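Quick look at what TrEMBL annotates:
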DOMAIN    A:100-292  domain 'ABC transmembrane type-1'
TRANSMEM  A:37-59  transmembrane segment
TRANSMEM  A:99-123  transmembrane segment
TRANSMEM  A:135-159  transmembrane segment
TRANSMEM  A:171-191  transmembrane segment
TRANSMEM  A:212-235  transmembrane segment
TRANSMEM  A:274-292  transmembrane segment
Amino acid sequence: MTDISHASDVITAGADGLAEARAANARQIRNAKISAAVRYIILFGVGLMMLYPLIWLVGASFKTNAEIFANPGFVPQEPTTEGYVKGWETSTPYTFGRFFLNSFLIIIPKVIGTAISCTMVAYGFARFDFPLKKLLFGSVIAILLLPNVVTRIPQYLLFRDLGWLDSFLPLWVPSAFAGDAFFVFMLVQFLRAIPGDMEEAARVDGANSWQTLVFIVVPMLAPALISVCLFQFMWTMNDFLGPLIYISSVDKYPVSLALKLSIDTTEAFEWNRILAMSVLTITPALIVFFMAQKYFIEGLSAGGVKG
Amino acid sequence: MTRKRALGLGYLTPYIIGLLVFTMIPFGASLYLSFTDYNLMSAPRWTGLENYTQLFTKDRTFRRSLTVTLIYVFTTVPLKLAFALFIAYILNYKLKFINFFRTAFYVPSILGGSIAIAVLWRYIFASEGLVNMLLTSLGFEAVNWFGDPQNALFTITLLRCWQFGSAMVIFLAALQSIDKSLYEAAEIDGASKAHCFIFITIPLITPVIFFNLIMQMVQAFQEFNGPYIITQGGPLKSTYLLPMYIYDEAFRRFDMGYASAIAWVLFVIIMVLTLAAFWSSKKWVYYAGDKRS
């Protein structure tokens, strides 16, 4: 500091410029600090808006029914697990555990079918030439954009004629035929980015295309396949309209339908039961997300996604 | 080589079967059904354009539902995308905790489609719910969210905007791939932040804006869970979106022909808007070099 002011005594003209530059510099630093602060305030504010409803939900699920509509804070004044105990029992002959079991009975075969069929199809698209390839790949994009609403009624009629209503088959089978075009698209994009050298080497060593797929391509595809399974898990867990249309007996209800049922039967007074079961309903998705969020973000950024 | 060709198609077999059985045949069948009267009891009866004339000349519910759907889509999609881009833009500065924020903003996207969140929304916007409790404690008047036709649809818009995370992640990835030297060059030439944003950032991310726009629009037109759980289409059908009308016609009244006709109107609207977006994209979407993906 003193050095500079001393120097400025000596070289006046230069010092003026220097002082000006320093002032400008200080202003810049201050502005940068202010805009950084504004950014953090916005991000924290938005983050709070995003997460507070969820935090409130968890807190409210431990509140008494009287407190839910009286206390905007999330800490319960008289914590109670009544909502969980009673909510778990449900007003049906089954506990909520049964509905979770049903959800997983829908999800697991569906995820496996999706992973196998989409890998095969993506491998076919990315590594082989065949007639009508362009047209067929165009159809993947078309399905991606096709609103389900237009095929839903005939699909329902088809499954009715097959005698599949009120079973999990309508929820499993289309996925096992690579019906979720988004995943095919994502895997094709991923495969195209992997050079075929390893597969070529395996082929020279006498592996057939099926062995190449299983032992070379699938391990390389693993990160993308994990993304596929996670997204399918999440979407199926959240799916409501599918089960609503196809499942009619309560003993086959997945959690999404069971939750809707509990609103219809108990909402007038037993709010904490419903909130408690809502918390349980989103818990599997949250756990999976936090264990594997890297794959979600990568899957999203790689293929782009709905959601 | 010929063997290889057959092999490629072999791997596609599941897809081709699925395409025919679960997409193409149902697609054609629903067009056919839309010209029939079919209540599941007897075989479909050909009625020509009757369903469509009914829809466009007599059915006031349909007109209401269509209007509400268009309002919903044209408010939700721009709001959601603008918000997603805004937050992605802020996150793109070198900030600490960026991973934390990205996760916090993305969580609602993961959960938003769940029935549990729709249920939560009912509680948050109830007349004595969280939002009104906060509003009154801040000295504002409580809002009648579900009772007033002006407000009810907005609660669903807010739910979908709350789920801006996936659009944001895509925007953020695009922003991060922009060459920083472009900004430096512009700054030397004296361009302001706003200029840089409008003339560098926006043009370079038009491909993802386009992608997000199409995806979000197709999705918004098919919104079902929100109105079904949160508002039940009410009050005064102010949230009775077309997918819910289709569901009611098809699976409550079992009027499959009429429901198919509504579905086709919805489909044609979505298709026309999608094609319009693709057609106009030649004028505003910028693909750098060979990066056309």
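Just so it is clear, glycine is given a Cβ too, placed from its N, Cα and C backbone atoms.
Most Cβ pairs under 8 A with the transmembrane segment (A:212-235) among the ranges A:37-59, A:99-123, A:171-191 are made by A:99-123. No contact links the transmembrane segment (A:171-191) to the transmembrane segment (A:37-59), because fewer than 3 Cβ pairs that are 6 or more residues apart lie under 8 A. Note on the transmembrane segment (A:135-159): residues 125, 165, 169-170, 174, 179, 181-182, 184-185, 188, 245-246 of its chain, located 6 or more positions outside it, place their CB under 8 angstroms from a CB of the stretch.
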